[in-house]
Amino acid sequence: MTMLVVAIGNPGRQYTWTRHNIGFLCADRLLQEFSGVHFKETPKLFSDIAKVESSQGTVIFIKPRTYVNLSGKAVLAVKEYYNIATDRILVLADDVNQPFGKVRLRQSAGGGGHKGIKSITQSLGSNDYWQLRLGVGRPQREDVELSDFVLGQFTEEEQIGIQSLFIEAWALFSQWCSGTQTA
């Protein structure tokens, strides 16, 4: 069985350590558990792609190169190319509605205002995929726009705390792969 893990984020070094790219960072961390596997640029599928074989089947990781708000274009291209069922897709996305460090696994969920999730749902014509929502919290100050916040760099405290988030993400990812998760 083939599974697809979609990391939501923006391509480019300037975005690497931003809250909106926590999906990319999480995918990189998950992939480290499979030694010797790296992302390769795949222009025809609008993504960087890595494939791993696990005891549960093939897992394809993608980091779309379309920017967050257009993630659906890449997801649909990869889904169709590899003939992956929608319910075998897991999307790793930042979540401003969860406190920093909280990780939540859900299926057939709404987007919570996330434009990348909205793009994926529109492109697939369904929300029957799984979401691993990675809490990044909200701005502490009212004068900070939400868009500036998610495109902002992690604080030193968040950079330290992100490791715990990745540990929780690995546990939920493993459950999802094995089919033992609960929505």
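Any Cβ shown, glycine's included, is placed from N, Cα and C.
If you look up Swiss-Prot, you'll see His20 marked as active site, proton acceptor, on the strength of sequence analysis. In the three-state DSSP classification, His20 (active site, proton acceptor) falls within a helix. Less than 8 angstroms from the CB of His20 (active site, proton acceptor) sit Ile8, Gly9, Asn10, Val68, Asp94, Val150, Leu151, each of them six or more residues away in the same chain.
Among the features that Swiss-Prot reports, tRNA binding site is placed at Tyr15, Tyr67, Asn69. In the three-state DSSP scheme, Tyr15 (tRNA binding site) is classed as helix.
According to its DSSP assignment, Asn10 (site 'Discriminates between blocked and unblocked aminoacyl-tRNA') is coil. A 10 Å cutoff on Cβ-Cβ distances gives Asn10 (site 'Discriminates between blocked and unblocked aminoacyl-tRNA') a total of 23 other Cβ atoms nearby, all chains included. Per Swiss-Prot, the feature site 'Discriminates between blocked and unblocked aminoacyl-tRNA' maps to Asn10.
Per Swiss-Prot, the feature site 'Stabilizes the basic form of H active site to accept a proton' maps to Asp94. According to DSSP, Asp94 (site 'Stabilizes the basic form of H active site to accept a proton') is assigned to a strand segment.
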In the chain carrying Tyr15 (tRNA binding site), residues 6 or more apart in sequence that have Cβ under 8 angstroms from it: Gly9, Asn21, Leu151
Residues within 8 Å of the Tyr15, Tyr67, Asn69 Cβ centre (excluding the tRNA site residues themselves): Gly9, Asn10, Pro11, His20, Thr66, Val68, Leu70, Gly116
